[in-house]
Every structure is written in C-alpha cells, then in structure tokens.
Amino acid sequence: MMVAARVILGVGVGLEGGTVPVYVAETVERRIRGNLVSLYQFNIALGEVLGYAISAMFLRVPGNWRYILGSSLVFSTIMFVGMLFLPESPRFLVHQGKTLDAYKVWKRIRGIQTVEARDEFFVMTASVRQEENEVHEGAHNKRFPWMDFFTVPRARRSLIYANIMIILGQMTGINAIMYYMSVLMNQIGFNEENANYMSLVGGGSLLLGTIPAIFLMESFGRRFWAIVTLPGFFIGLVLIGASYQVDLKTDLMTVEALYLTGLIVYQGFFGCYACLTWVVPSEVYPTYLRSYGMTTSDALLFLMSFIVTYNFTAMQEAMGKTGLSLGFYGGIAAVGWVYQVFFMPETKDKTLEEIEEVFSRPTMDIVRENWAGVKETCGNLARGNFRKVFAEQTKRRRSVHETELKGLA
C-alpha cells in the first residue's frame, strides 16, 4: 500500500511540475514573469523546510511517520480547492480555437487598459495561429507535433538548452544532499536527534536562496543568475570537501564549521539556480510544443534526481567523500559555468513571442553575441567601471504605458 501511494503521489507531483510553471509563464506579463515563476521554487523549498520541521516536531512521537506523511494532506487540499477557481491559459484557449474565451480570460487576469496589454494579446493570437499553420503544412509532423523537437532547429535548440540547465543542476548533487541530509549530518559528528534538527540548516539556506531570484530575476536576467550561482556551488562544495580532510576525532568543531559553512553557501546559491530550472523551460518552448517540452523537462528533472540519489552511497564509497563532493559535483559545476557563459541566451524582459525569435537564430550567433558581451564586461571590470557593468545588467525595457506617461509629463 505504501508503494502504491508513493507511485500515485509521484505521478501527481510530476504532472503538477509540468503544468504550473507553464501556466504562470503563459498568464503573467513579461516584466514579472521570471519573478512569479521563481515563486514556484520558493514554495518547493518552503515545503522541504516544513517537512524537516515536522519531522523534528514528531521525532519522539510513536508512529511518527504517519503524522509526517499525513501533514502534506493539508497543503494538497488547499491547492486542490484553489485550482478549481483558476481560469484556463489564454494561449491554450487560442491554440484550441477559442479566441473569444481567451480574450475574456486575458481581460480578467491582465486587463486591456494599456496599449501594451492589447498589443501583446493580438501578437500572441497571431503567433499561435502562425505556429498552427506551420504544423499543418508539415504533414509528416501533423499527428506527432513533438517530432519537431528533432526536425525543427528552433524547437531542438530550446529542448537542448532547457534540459542541459536541468541536468547541470541535478548533477551537482542537490537532491542527493537533501534526501541524505540527516545521514550526512550524522557523518560529521551530530547524533541522530541533532542530525534531524540540523537538517533545517540546509533546507533553510535553500529557501532563503530563492528570495533574491524572486525579486531580481527580471532585473538582472537569467544569464546573470546562472553565471553567478555556479561558482557559488563550487565554493560551497570546496568547503564541504575540505571538511572531510580534517580529522573528525581530534578537531570536531572545525569539521562541523567547514561542512555547515559549505552547505549554507552551496544551498543558498542553488536556491537562485533552482528558480532558473523552472523559469527557463517554462518560457523557451514554442507555444504548440510547450506542454510537451515542459513535461519532458519535468520528467528529466525527476529522472536525474533519481539517478543521482540512487547512486549517491555507491559513488561516495567508490570516490571517497571528498572525491564525490569536490571532484564530481564540483567538476560538473565548473563545466556548467563554461557552458552557460557561451551558450546561454538572455530572455529577460521579452514576451514569449519575442523569445521565439531568440531561439530561431543559429546557435553560433548566440555564442558570438555572448562572447562579445563577456569581453565587454571583462574590459569594464578591468578598468574598474563597475557602475557601467551593473547599469547595463539591470537595464529594463520601458513599457508602452511608461513611455506614454513620460510623453505626457
């Protein structure tokens, strides 16, 4: 019965992870899309912290596993009731040929008072219809639109780009560390009871790490967070790896200080990166493939989580604790940083239709543009022109409504 319940729960979580980020991305305006999709990761981290807290609360209660597992029923019930009142995504309705219904939903959730909101609706409608015409024209893909991931360069680029981000995040060991948190705490000298309490340190760091992304995802952009957070992973993993080199019996406090500091740094930086693993896949796929793409990314995330977690103990025994944390996980973070610097396009402050144009360009055009930006940024940093670097990074596109107000002033 327990196995059956876990399977049903896993299916539900998988479906939810493949739909919620897409729904948010398709319904909110471009200027806050990254911030609101990041809230999804914040709530995941909040759930993990609450899970650790509830486990600690019922640690000494007989049959505590029933209370720990049953506590999730409260939140899932609230979510179920809330979802009954959600309108359908306007882009999905247009895709289904229900343009009038899409307009009504758009008017309800976005409003039509500004020129920008009206223009975005009409551009979205035209873009969805154009995509449908392209699909219908290609008879070999009419029955299986997902085949475009292999045959259409624009769709293939988005699939590769989104899923490499997910692989990089999972292969740095985040879920293995989260699942084995109390075991790892026990390995560095905490007894079983204190190890459960100290698990809150890692979970709390992950939760706090998502907060900057929630408020600043659209200000600094996706590239900034990816390029900044991956070195943070590496620094945290270096400290964790170093803690295993200190003799636990003779210098317990040093071991615990190094490990906990490394864990806080690693989890804190991962909180920001984890937001990207939901933001990016939810916005880069073509409209007619977005459900297929997000489901693929969601399935890959849980598959990589399973692979890393399932093999964690065996890898730790084969590579050693330092070899796994610093050599393998740290190496993945270093390689991932190089990839993000050269291959990651910027999608901040763009509508989903404008992102279509970004991924319609050849990959080498994106690489050349990124390399030019890297050289310019390095030059400004070398000259000490820090203000220009951050001014360019946080520059936002003015909305039509803001332009109108400025003209009136």
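Cβ atoms here come from the backbone N, Cα and C positions, even for glycine.
Here TrEMBL flags 1-348 as domain 'Major facilitator superfamily (MFS) profile'.
Residues annotated as transmembrane segment in TrEMBL: 39-59 (among others).
What TrEMBL lists as transmembrane segment is 65-86 (among others).
Residues annotated as transmembrane segment in TrEMBL: 159-181 (among others).
Sequence annotations record features per position, and here TrEMBL assigns transmembrane segment to 197-217 (among others). If one looks beyond the transmembrane segment (197-217) by at least 6 residues along the same chain, the residues whose Cβ comes under 8 Å of a Cβ in the stretch are 34-35, 37-39, 41-42, 45-46, 48-49, 51-53, 55-56, 177-178, 181-182, 185, 190, 225, 260, 263-264, 266-272, 274-276, 279, 348.
What TrEMBL lists as transmembrane segment is 224-246 (among others).
Beyond the transmembrane segment (258-280), the same-chain residues lying 6 or more positions past its ends with a Cβ under 8 Å from any Cβ of the stretch are 21, 25, 33-34, 37-38, 40-42, 44-45, 161-162, 165-166, 169, 172, 174, 177, 188, 198, 201-203, 205-214, 217, 222, 225-226, 228-230, 232-233, 235-243, 246, 301, 347. The transmembrane segment feature in TrEMBL is assigned to 258-280 (among others).
Long-range contacts of the transmembrane segment (292-312) within the same chain, counting only residues at least 6 positions beyond its ends with a Cβ under 8 Å from a Cβ of the stretch, are 10, 14, 17-19, 21-22, 145-146, 149, 155, 158-159, 162-163, 166-167, 170-171, 173, 175-176, 179-180, 277, 281-282, 284-286, 324. Here TrEMBL flags 292-312 (among others) as transmembrane segment.
Residues or ranges marked as transmembrane segment in TrEMBL: 324-343 (among others). Through the fold, the transmembrane segment (324-343) approaches residues 161, 164, 168, 171-173, 223, 226-227, 230-231, 233-234, 237-238, 240-242, 244, 312, 315-316, 363, 366-367, 370-371, 374 of its own chain, all at least 6 residues removed from its boundaries and within a Cβ separation under 8 Å.
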Fill in: Two-stretch contact, the transmembrane segment (65-86) and the transmembrane segment (159-181), at least three Cβ pairs under 8 Å
no
Response to the item:
Per the Cβ under 8 Å criterion, with at least 6 residues separating them from its ends, the transmembrane segment (39-59) contacts 20-21, 24, 67-68, 71-72, 75, 178, 181, 193, 196-197, 199-200, 203-204, 206-207, 209-211, 213-214, 271, 274-275, 277-278
